[in-house]
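*Asks:* Mind looking over this structure? Questions follow.
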Amino acid sequence: MQMKFTKMQGLGNDYVYVNCLKEKVESPSEMARRVSDRHFGVGSDGLILICPSECADFEMKMYNADGSRGEMCGNGIRCVGKYVYDYGLTDQTEISVETLGGIKHLSLTVEEGKVALVKVDMGSPIFVPEQIPVKVEGDHAVNVPISVDGDEYRMTCVSMGNPHAVVYLDDIQNMEIEKIGPKFEHHPCFPNRVNTEFARVLDRETVEMRVWERGSGETLACGTGACAVAVASMVNGLTEDCVTVQLLGGNLKIEWDREKNVVYMTGPATVVFDGELYE
Ligand SMILES: N[C@H](CCC[C@H](N)C(=O)O)C(=O)O
């Protein structure tokens, strides 16, 4: 059995994409672990299935490199938008995509017949601890203390459909993320584990970040994570409501329309290659 796939990346956050309107993936979690391996597989941060939907134009199913399912994927959904237009599954530039984090609406910017930029309505950030979920005292997890591996931090937790913990540090370039990242990911206060963003505010319009992703480790970029950092910075009064988030793989523009209470993320999506996976 040969399975056709397309390798795509959003700011270096790379996934293997499968068009499940044509292909069939029996066990996605096992396939995610297999294709993500950068030596024995294709090499990626995970697997994303593009599927038909009863309630939207398409459905996106996202799996991390460890096979666990993520509710939402920001860089991934931009690539889904590019795929369905460039590969002829739609001729629309306003599309909807069903995810476990709700239906997302995408606006595609087309240049010379191909999608160059995607703006995503990422929905409303969720700060209610039980809905993130995170176990804390009180009715929010904004700038709250957490003890990790014997060290004290302050974090702001938010869900963008998937769980995030944002931690501000003075130096994120030299930190040992591979040591502290897993300690946050598996911390007992996160019943479903967590994606952790380590951030530094550069000015009122600019934040830099690194991310240790639940189920994938450090990635070069995380769209939902960039949204989490942006809204955390805004609720903590550190930035304006429209910021540039600088990630290792590039920049994302994030704006929080407070009146509508929706977050918009704008960024690129790139096809790397098409391939076939042999048994
Ligand atoms: N890289 C993705 C996030 C994946 C989140 C996943 N690691 C999870 O388990 O929530 C993004 O661009 O939003």
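Cβ from N, Cα, C; glycine included.
All TrEMBL annotations are machine predictions without curation.
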*Asks:* Need one residue: from Asn162, Asn174, Asn251, the one TrEMBL lists with Asn13, Asn64, Gly74, Asn75, Asn195, Glu213, Arg214, Gly223, Thr224 for substrate.
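*Replies:* When TrEMBL describes the substrate site, the candidate it includes is Asn162.
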*Asks:* Using the Cβ center of Asn13, Asn64, Gly74, Asn75, Asn162, Asn195, Glu213, Arg214, Gly223, Thr224 as the substrate site position, which other residues in that chain lie within 8 Å, going by their Cβ?
*Replies:* Gly70, Met72, Cys73, Gly76, Val211, Ser216, Thr219, Cys222, Gly225
*Asks:* Looking only at DSSP and grouping its letters into three states, which state does Cys222 (active site, proton acceptor) belong to?
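*Replies:* The residue in question, Cys222 (active site, proton acceptor), is coil (DSSP, three-state).
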*Asks:* Going by DSSP, is Glu213 (substrate binding site) part of a helix, a strand, or coil?
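*Replies:* Once the DSSP labels are grouped into three classes, Glu213 (substrate binding site) ends up as strand.
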*Asks:* Taking Asn13, Asn64, Gly74, Asn75, Asn162, Asn195, Glu213, Arg214, Gly223, Thr224 as the record's substrate-binding set, what's the max Cα pairwise distance in Å, rounded to a whole number?
*Replies:* 16
*Asks:* Give me the CA-CA distance between Asn13 (substrate binding site) and Cys222 (active site, proton acceptor), in Å, as a whole number.
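*Replies:* That separation, Cα to Cα, works out to 7 Å.
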*Asks:* Could you round the CA separation between Asn162 (substrate binding site) and Cys73 (active site, proton donor) to a whole angstrom and send it over?
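*Replies:* On Cα coordinates alone, these residues lie 8 Å apart.
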